[in-house]
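Features of the protein shown, as given by Swiss-Prot:
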BINDING   LYS12, LEU13, SER14, GLY15, GLY55, ARG59, THR162, TYR168, ASP171  ATP binding site
BINDING   GLY54, ASP74, THR135, GLY136, ASN137, PRO138, TYR139, PHE140, THR141, THR142  UMP binding site
Amino acid sequence: MESPFYKKILLKLSGEALMGDQEFGISSDVIASYAKQIKEIVDLGVEVSIVIGGGNIFRGLSGAAQGVDRVTGDHMGMLATVINSLALQNSIEKLGVPTRVQTAIEMPKVAEPFIKRRAQRHLEKGRVVIFGAGTGNPYFTTDTAAALRAIEMETDVVIKATKVDGIYDKDPVKYPDAKKYQTVTYNEVLAKDLKVMDATAISLCRENKLPIIVFNSLDEGNLKKVVMGEHIGTTVVAD
């Protein structure tokens with residue numbers, strides 16, 4: 001059997017990615033594709049934990065612009081991530097992979113509370129663990145939650161699934177001459193304000209020397225390639 005380069009990963013999925021071609025909500029095709037790709041790497045023996053955003057349902061920051069109190073909006077966003085987490089859990093378990101959802105805000109009838117040791121035990125037993133409700137605190141993004149959980153779970157890498165094939169110096173959709181980075185340092189990301197993750201998440205990863213790989217998850221098979229050590233997308237590394 002092939003041996004994975006990364007044996008323990010944190011996969012960060014954006015809520016928007018789950019929409020597919022829809023304007024909001026969850027595309028059954030997209031979530032089934034993610035589940036299939038996740039099963040592929042679990043079958044290789046990789047320990048997989050996941051954090052999903054909630055932007056396909058509600059985003060706290062844009063809610064604040066529409067008159068929703070920021071703290072209330074962020075709590076609404078956290079609940080949106082739990083909806084996405086349950087949907088992904090359902091899709092992964094349909095493929096026969098045992099999956100647990102742990103939330104930063106306790107909701108015992110829906111999911112387990114986040115307990116580090118329990119989460120690690122699930123991973124050791126070959127279960128996928130999905131972390132919902134962000135960090136449980138307003139003003140912190142799901143990117144920061146992903147960095148935090150990755151550090152707590154002692155993962156080898158944070159893998160950020162996006163709609164583009166890496167990190168560019170400017171928006172490749174708007175600017176055809178945008179330059180793609182193969183590798184970039186944490187400090188460059190912060191200094192150039194490259195839209196990878198927010199500054200808090202990048203700082204956490206830098207402090208803990210946790211590499212970040214940004215890749216296009218819309219092409220099936222890419223997640224497996226990343227885990228096997230194939231260089232696709234962009235890697236954020238230490239200086």
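Here the Cβ of each residue, glycine as well, is placed from N, Cα and C on the backbone.
With respect to ASP171 (ATP binding site), the closest of these binding-site residues in Cα terms is THR141, chosen from ASN137, TYR139, THR141. The UMP-binding residues named in the record, GLY54, ASP74, THR135, GLY136, ASN137, PRO138, TYR139, PHE140, THR141, THR142, extend over a maximum Cα to Cα distance of 14 Å. Between the two most distant C-alpha atoms of the annotated ATP binders (LYS12, LEU13, SER14, GLY15, GLY55, ARG59, THR162, TYR168, ASP171) there are 24 Å. Cα-Cα distances to GLY54 (UMP binding site) place SER14 within 10 Å, out of the binding-site residues LYS12, SER14, THR162. Cα of GLY55 (ATP binding site) to Cα of THR135 (UMP binding site): a span of 16 Å. Each residue contributes its Cα atom, and for THR162 (ATP binding site) and TYR139 (UMP binding site) these two points are 22 Å apart. Looking at THR141 (UMP binding site) and SER14 (ATP binding site), their Cα atoms lie 11 Å from each other.
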